[in-house]
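Note sheet for the following structure.
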Amino acid sequence: MQRSAPVDPTKMGVGKAIAVLTSGGDAQGMNAAVRATVRVGIYTGAKVYFVHEGYQGLVDGGDNIRQATWESVSMMLQLGGTVIGSARCQDFRSKEGRAKAACNLVKLGITNLCVIGGDGSLTGANEFRNEWSELLQILLKAGRTILHKEAKHSSHLNIVGMVGSIDNDFCGTDMTIGTDSALHRIMEVVDAITTTVQSHQRAFILEVMGRHCGYLALVTALACGADWVFIPEMPPDEGWEDHLCRRLTYQRSIGNRLNVIIVAEGALDHHGKPITCDIIKNLVTKKLSFDTRATILGHVQRGGTPSAFDRILGSRMGVEAVMALLEATPDTPACVVSLSGNMAVRLPLMECVQVTKEVTKAMAEGRFEEAVKLRGNNINIAIMNVGAPCAGMNAAVRSAIRIGILQGHSMLAVHDGFDGLAHGAIEPMTWGYVGGWTGKGGSNLGTKRSLPARMIEEISLNIAKFNIHALVIIGGFEAFVGGLELVTAREKYEELCIPLVVIPATVSNNIPGSDFSIGADTALNTITTTCDRIKQSAAGTKRRVFIIETMGGYYSNNNMCGYLATMAGLAAGADAAYIYEEQFGIHDLETNVEHLLEKMKTTVKRGLILRNEKCNANYTTDFIFNLYSEEGKGVFDCRKNVLGHMQQGGTPTPFDRNFGTKMGAKAVLWLTEKLKESGRIFANTPDSACVLVMKKRATIFQPLSDLKEDTDSEHRIPKTQWWLKLRPILKILAKYKISLDTSETATMEHVIKKRGTV
């Protein structure tokens with residue numbers, strides 16, 4: 001990030017025009033990116049145009065290029081696919097076709113183009129930009145096609161790309177728009193099919209998309225605890241057929257009624273021969289006589305409602321794309337807006353495309369290791385859940401236990417949190433015990449909110465009795481505070497001088513130091529889906545405002561975190577989201593009511609207001625409902641919903657399954673290294689008791705003691721919270737006239753330098 005002189009964001013786009021198009025295969029979340037591009041573009045004072053039907057619409061012009069309005073992108077957030085259309089275009093591949101496209105843009109004064117698509121679409125955009133001057137000369141020589149003053153006004157073209165692809169196959173970004181939603185579709189099918197397959201004791205083979213990229217297959221396998229996965233980047237070793245059969249036979253022998261095999265559509269063996277569902281089905285049926293079923297998902301993966309993650313990702317990318325376009329100069333290379341960890345970054349478009357194509361080339365030539373590159377002692381480790389249950393906890397436990405067993409450790413389960421540790425509710429865990437845990441919500445180990453300070457002596461005795469050498473604590477704010485209490489007690493109790501790691505797992509996402517917590521994504525999707533249904537119910541009844549109360553203190557009067565309300569507001573297109581962290585008064589409520597009264601005069605005759613449960617002791621949900629109802633009389637009526645416990649339950653999303661799996665594995669591998677470093681099991685340094693946090697672009701182990709200064713213990717929230725910077729975006733997208741801080745912007749990075757020589 002670099003700081004620049006503050007500018008008035010509402011004047012940045014004055015006199016400029018931006019066109020946005022979607023190209024190539026559709027992906028859920030594209031509409032969120034289009035919506036954000038349009039609304040932020042209008043907010044900056046720019047004219048924004050839709051280009052319908054991708055590059056074909058750019059070439060054909062006419063009604064295919066239309067000016068967008070604030071209202072024209074309303075109700076787009078929850079729609080899958082791309083509302084403005086996408087089409088394959090042979091015309092744009094020729095210089096004549098690109099000249100027609102250039103003419104259409106010049107006539108409308110458009111010099112900024114935002115392209116949402118895959119590497120082919122972005123490559124085409126870059127070529128268009130590179131030959132822009134040449135195309136203008138062709139048009140000028142053609143006579144009256146364009147005027148000299150038009151050519152002078154449109155002397156250069158700025159290009160910014162966003163990657164929309166369900167395969168997550170674009171180098172330079174951690175996640176492409178549409179991938180998370182595709183995983184949702186896949187996991188819905190897996191969860192539905194496995195129940196019937198398990199009933200009949202069958203083997204289940206699922207083919208997912210991924211001709212050249214195995215991301216969907218690999219993450220699906222992690223998320224559902226599959227027995228085997230085939231991906232293009234890593235062909236199985238010779239003799240894989242026998243190995244697979246031995247694996248499936250063993251699983252049946254230990255009582256598992258279900259076998260799951262995930263196959264990417266582009267899976268190959270080392271000789272380049274395809275590995276298909278039919279080949280695997282015939283193998284398992286003939287060799288093992290297992291009742292086997294195969295399912296090819298196909299385009300189901302592209303369909304349906306976008307997940308909350310993709311809506312927020314598309315929105316954030318859209319904002320960054322507009323800023324990149326308006327800050328660009330003739331010397332700025334075409335860039336692609338990417339996600340690195342939890343940060344939006346700008347990367348040179350063609351560097352990313354080059355690395356992406358090198359991966360494909362390496363795989364085509366059989367250099368699989370290069371393609372992937374481009375993409376102990378008897379130790380007892382105890383694992384426990386602390387605080388309120390949340391989706392994804394079980395995935396973290398399963399991963400930690402199985403990685404620990406693979407490392408040669410003895411893994412112990414502690415039931416019912418610190419109470420169980422104090423009362424000896426501890427038992428050894430086996431590989432098979434945690435089978436099928438990944439997709440289960442809640443906490444199979446049991447969890448309580450009790451803190452250890454009042455029973456520290458009993459805990460220390462049991463750590464010695466059960467010979468516990470390291471501790472993994474998975475949970476929310478109580479897990480964080482409990483870890484601190486154990487560290488403090490080390491001065492008195494030598495038994496507590498063991499390495500420990502806290503893995504954040506809470507729907508509130510209020511652990512100091514960490515951008516994300518396990519469980520928050522599932523809760524966010526639950527809220528977003530509910531808001532979608534509530535908004536849909538107003539489709540036939542105009543002029544209605546819904547007030548929704550989200551969690552953020554249900555289990556404690558002091559938990560004030562407004563993460564869920566803010567992010568759900570962004571994902572669902574809310575008009576306002578009241579939270580504790582951003583204090584509000586009667587003047588703010590009055591402003592919001594007036595905003596809705598004005599909104600009812602437009603074609604968008606509905607409103608959505610979110611309120612964090614503990615945001616204000618006096619301005620309760622009932623108070624806000626009554627206020628809005630009274631002030632809106634004759635213009636709109638109100639309804640209210642309190643979501644309550646439903647935000648904590650449900651099947652974990654693919655993000656939470658995958659995140660929990662990675663965090664559990666990282667925690668145990670870190671503890672293993674800590675124990676190897678010390679040479680003996682005694683740890684009392686600050687860096688031996690850490691929180692595993694997701695911070696900006698990396699997962700790091702941060703000492704618990706270092707995070708005390710960043711903790712508001714009274715209100716159970718961190719003092720600094722990254723997502724508060726997204727609050728202005730929520731308001732801008734709801735058409736409030738507020739200022740956007742543009743002093744800190746993403747700098748252009750180089751993906752090739754970052755990754756090394758390809």
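For all residues, glycine too, the Cβ spot is worked out from N, Cα and C.
What TrEMBL says about this one:
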type     : residues                                                                                               : note
REGION   : 1-379                                                                                                  : region 'N-terminal catalytic PFK domain 1'
DOMAIN   : 18-324                                                                                                 : domain 'Phosphofructokinase'
BINDING  : Gly25, Arg88, Cys89, Gly118, Asp119, Gly120, Ser121                                                    : ATP binding site
BINDING  : Asp119                                                                                                 : Mg(2+) binding site
BINDING  : Ser165, Ile166, Asp167, Arg202, Met209, Gly210, Arg211, Glu265, Arg293, His299, Val300, Gln301, Arg302 : substrate binding site
ACT_SITE : Asp167                                                                                                 : active site, proton acceptor
DOMAIN   : 380-670                                                                                                : domain 'Phosphofructokinase'
REGION   : 380-758                                                                                                : region 'C-terminal regulatory PFK domain 2'
BINDING  : Arg449, 506-510, Arg544, 551-553, Glu613, Arg639, 645-648, Arg716                                      : beta-D-fructose 2,6-bisphosphate binding site
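Locations of recorded TrEMBL features on the structure.
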residue: Gly25; record: ATP binding site; contacts (Cβ under 8 Å, 6+ apart): Ser86, Gly117, Gly118, Gly164, Ser165, Ile166, Arg302
residue: Arg88; record: ATP binding site; contacts (Cβ under 8 Å, 6+ apart): Gly54, Gln56
residue: Asp119; record: ATP binding site; contacts (Cβ under 8 Å, 6+ apart): Val163, Asp169, Phe170, Cys352, Val353, Thr356, Lys357
residue: Gly120; record: ATP binding site; contacts (Cβ under 8 Å, 6+ apart): Gly24
residue: Asp167; record: substrate binding site; contacts (Cβ under 8 Å, 6+ apart): Thr176, Thr179, Met209, Gly210, Arg211, His212, Cys213, Tyr215, Leu216
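Checked against Ser508 (beta-D-fructose 2,6-bisphosphate binding site) by C-alpha proximity, the binding-site residues Cys89, Ser121, Arg293, Val300 yield Val300 as the nearest.
Averaged over the domain 'Phosphofructokinase' (18-324), the predicted model reaches a pLDDT of 91.
Rounded to a whole value, the Cα-Cα separation of Arg449 (beta-D-fructose 2,6-bisphosphate binding site) and Val300 (substrate binding site) is 41 Å.
Other than the site residues Gly25, Arg88, Cys89, Gly118, Asp119, Gly120, Ser121, same-chain residues with C-beta atoms no more than 8 angstroms from the centre of those residues' C-beta atoms, the ATP site, are Ser23, Gly24, Gly117, Gly124. With a 10 A radius on its CB, Ser121 (ATP binding site) counts 24 other CB atoms from all the protein chains.
Here the candidates are the binding-site residues Cys89, Arg293, Val300, and by Cα distance the one nearest Arg544 (beta-D-fructose 2,6-bisphosphate binding site) turns out to be Val300. The most densely surrounded of the binding-site residues Cys89, Met209, Val300, judged by C-beta neighbours within 10 angstroms, is Met209.
Considering only the binding-site residues Cys89, Ser121, Arg293, Val300, His645 (beta-D-fructose 2,6-bisphosphate binding site) has Val300 as its nearest partner by CA-CA distance. When the C-alpha distances from Arg293 (substrate binding site) to the binding-site residues Cys89, Ser121, Gln648 are tabulated, the minimum falls on Gln648. Spatially, by CA atoms, the binding-site residues Cys89, Ser121, Val300 include one closest to Gln648 (beta-D-fructose 2,6-bisphosphate binding site), and that is Val300.
In the structure as shown, the Cβ atom of Ser165 (substrate binding site) sits within 10 Å of 24 other Cβ atoms. Across Gly25, Arg88, Cys89, Gly118, Asp119, Gly120, Ser121, which the record gives as binding ATP, the greatest C-alpha separation is 15 Å. When the alpha carbons of Ser121 (ATP binding site) and Val300 (substrate binding site) are compared, the span between them is 23 angstrom. Cα to Cα, Val300 (substrate binding site) and Cys89 (ATP binding site) are separated by 24 Å.
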